[in-house]
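Here the structure is laid out as structure tokens; the discussion comes afterwards.
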Amino acid sequence: MDDFHRDTWAEIDLDAIYDNVANLRRFLPTGTNIMAVVKANAYGHGDAEVANTALEAGASYLAVAFLDEALALRKKGLAAPILVLGASRPEDVSLAAEHRIALTVFRLDWLEKAAALYQGSAPVYFHLKMDTGMGRLGVKDERETKQMAALIERHPHFILEGVYTHFATADEINTDYFSYQYDRFLSMLEWLPFRPPLVHCANSAATLRFPDRAFNMVRFGISMYGLAPSPSIKPLLPYELKEAFSLHSRLVHVKKLQPGEKVSYGATYTAQAEEWIGTIPIGYADGWLRRLQHFHVLVDGKKAPIVGRVCMDQCMIRLPGPLPVGTKVTLIGRQGDEVISIDDVARHLDTINYEVPCLISYRVPRIFFRNKRIMEVRNAVGRVGTNA
Ligand SMILES: Cc1ncc(COP(=O)(O)O)c(CNc2conc2O)c1O
């Protein structure tokens with residue numbers, strides 16, 4: 001376990017991760033596999049710890065965005081199959097094969113380059129991505145699809161393990177475009193000479209809303225972390241999700257301001273009366289963005305407004321009264337009857353909940369709880385740029 005020397009930390013409740021996946025396991029038809037999406041350091045929650053917990057709870061596959069993230073999981077001892085959802089380089093096919101990492105393929109020219117460059121004898125697993133309307137990555141042409149399937153079939157070491165697509169609007173109430181994409185996927189699947197072993201299309205929203213249209217694997221991301229894919233479909237979710245991420249700090253300075261005294265850069269905040277002001281060691285370099293000025297935190301079980309500009313490493317809050325240095329402050333999570341959810345922070349930032357935990361940077365240590373006890377502490381400070 002790492003130690004850390006600044007009183008700001010994130011707590012990851014792996015019991016919540018476990019329950020979110022175990023509940024999905026119970027919710028899905030037996031033959032539907034669960035692919036745990038752990039890209040971007042598991043949406044800021046800690047890639048290896050979340051991956052291990054998800055696998056324990058019934059996931060059988062992992063997904064990341066880029067090859068480096070998959071290699072990092074292998075280095076951390078994860079042995080489960082991993083799919084790279086994003087683009088990779090044709091010259092990295094050997095590296096992927098060596099580590100049993102499946103790659104997404106969606107261009108014939110890429111596949112031809114990979115075939116020309118691959119000198120290995122280990123099997124190379126591909127998932128062919130079809131663009132049914134997300135407009136990001138994916139093949140759209142029948143002839144190109146057939147040529148790609150034929151090339152893979154001809155190659156002695158290439159294996160078409162899966163085929164998939166990604167929905168643009170599964171988290172919206174109106175299902176017109178979702179249905180268009182689903183139907184498009186059904187017809188594009190007919191372009192293949194055979195059905196690969198794994199066919200998948202559903203992200204969290206599609207999984208939880210339309211489990212009967214998930215084929216035989218789902219790609220479970222945001223709701224594994226206990227977050228609804230969007231506020232509009234939150235009431236439609238089939239079971240309660242448990243939020244896994246919380247964020248805490250401690251008062252490092254407390255002072256009383258007289259009326260007219262100022263706080264922070266730009267002296268934009270002026271005390272209106274005698275006010276108790278606390279300083280906490282978290283700022284925008286930790287992902288606690290400047291736009292969170294005027295938002296609030298919890299201290300002594302009460303809401304406390306963030307006053308003055310958020311600095312790179314610190315910010316100031318107006319306290320309900322004199323409190324001792326060292327008092328715990330909760331920026332995301334619960335104190336007594338008061339809760340600040342990730343959705344609350346996202347709403348204030350006018351963004352989506354996905355972005356909030358992803359923003360909490362490497363500089364904030366993560367403490368992992370399993371069975372209500374600390375099972376790991378990760379402090380990446382000092383590791384960035386070295387072999388972790
Ligand atoms: C291809 C693909 N599959 C599955 C998921 C998981 O989706 P979920 O977290 O809604 O369950 C994502 C998430 N990708 C992104 C989420 O936000 N921006 C993205 O690019 C994805 O890009």
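The backbone N, Cα and C atoms fix where each Cβ goes, and this holds for glycine too.
The following features are taken from TrEMBL:
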ACT_SITE  K39  active site, proton acceptor
MOD_RES   K39  N6-(pyridoxal phosphate)lysine
BINDING   R136, M312  substrate binding site
DOMAIN    244-369  domain 'Alanine racemase C-terminal'
ACT_SITE  Y265  active site, proton acceptor
Those residues of the chain, 6+ apart, with a Cβ under 8 Å from that of K39 (active site, proton acceptor): A63, V64, A65, F66, E69, L85, G221
Residues of the domain 'Alanine racemase C-terminal' (244-369) by DSSP state, where helix covers H, G and I: 22 helix, 50 strand, 54 coil
Around the Cβ of M312 (substrate binding site), the count of other Cβ atoms that are within 10 Å: 11
Rounded to the nearest Å - Cα separation of M312 (substrate binding site) and Y265 (active site, proton acceptor): 11
Alpha-carbon spacing, Y265 (active site, proton acceptor) to R136 (substrate binding site), which is rounded to whole Å: 41
